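**Q** Have a look at this one before I ask anything.
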Amino acid sequence: MGLELYLDLLSQPCRSIYIFARSNNIPFEFKHVELFKDSVLGKKPPAGSGAEQPRAGPSNSEGVGKVSLLKKVPALKDGDFTLAECTAILLYLSRKYNTPDHWYPSDIQKRAQVDEYLSWHHANIRANAPKTMWIKVLIPLFTGKPLPSEKLQEVMEGLSASLKQFEERFLQDKAFIIGSEISLADLVAIVELMQPVGVGCDIFEDRPRLREWRRRVEDAVGKELFFQAHEMILNIKELSNIQIDPQLKEQLTPVLMKMLK
């Protein structure tokens, strides 16, 4: 049995794994999982030309529960071996397939810098960037009414503070976070920062240093792959016309609201 990756490209961690695997020519079977099964997503990803591409067909939402004890994506199945959590999967793939050293450097200090960013990321960029999607798209979709503009302003202020630290502490005047080449740190960062862009909050517009870094990341992984991976998030506003199952709405609305507290 070959490598199977259970992913939903609406998810930032899933996109990082998808881009990493594709850009390094790692053969895998794409197992499409819908985070909002049978409800929010009214369409599947476009059909691809091979097993590595996102493809239309039945969702693997039930199958992921058999692969990941956490019953969430991303999840990996490699023969009898299973693995969850984005960072663990990225490191597993980099080691098993001996990907180029710049992704997770063998140099102990450069590797520590990647680890440092990944640790910082979760409590800063990841703590703020995804909330823009909840506020502007998902919560209005489930509740039928928009949140106060003050809530978005609060989130954007927190994100701006994190972006300032990102530029000054991690990016500085370098091409990439670790230096002259892309690493896992850049990949994990960029997929997260595309979440606000998808809902109309262009955080790159007034930040030239950040904008140039994004361009370099796109070039490093390939623009076609980059935008293929982000196609769903860049069109997420189309979800505003989707009809939500009342039972699912009742179940998920409290969960979404809790995320913003």
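Cβ atoms here come from the backbone N, Cα and C positions, even for glycine.
Pasting the relevant annotations from TrEMBL:
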type	residues	note
DOMAIN	1-101	domain 'GST N-terminal'
REGION	44-63	region 'Disordered'
DOMAIN	107-248	domain 'GST C-terminal'
**Q** In this predicted model, what is the average pLDDT of the domain 'GST N-terminal' (1-101)?
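**A** Residues in the domain 'GST N-terminal' (1-101) carry a mean pLDDT of 76 in this prediction.
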**Q** Summarise the domain 'GST C-terminal' (107-248) as counts of helix, strand and coil residues per DSSP.
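**A** The breakdown for the domain 'GST C-terminal' (107-248) reads 105 helix, 0 strand, 37 coil.
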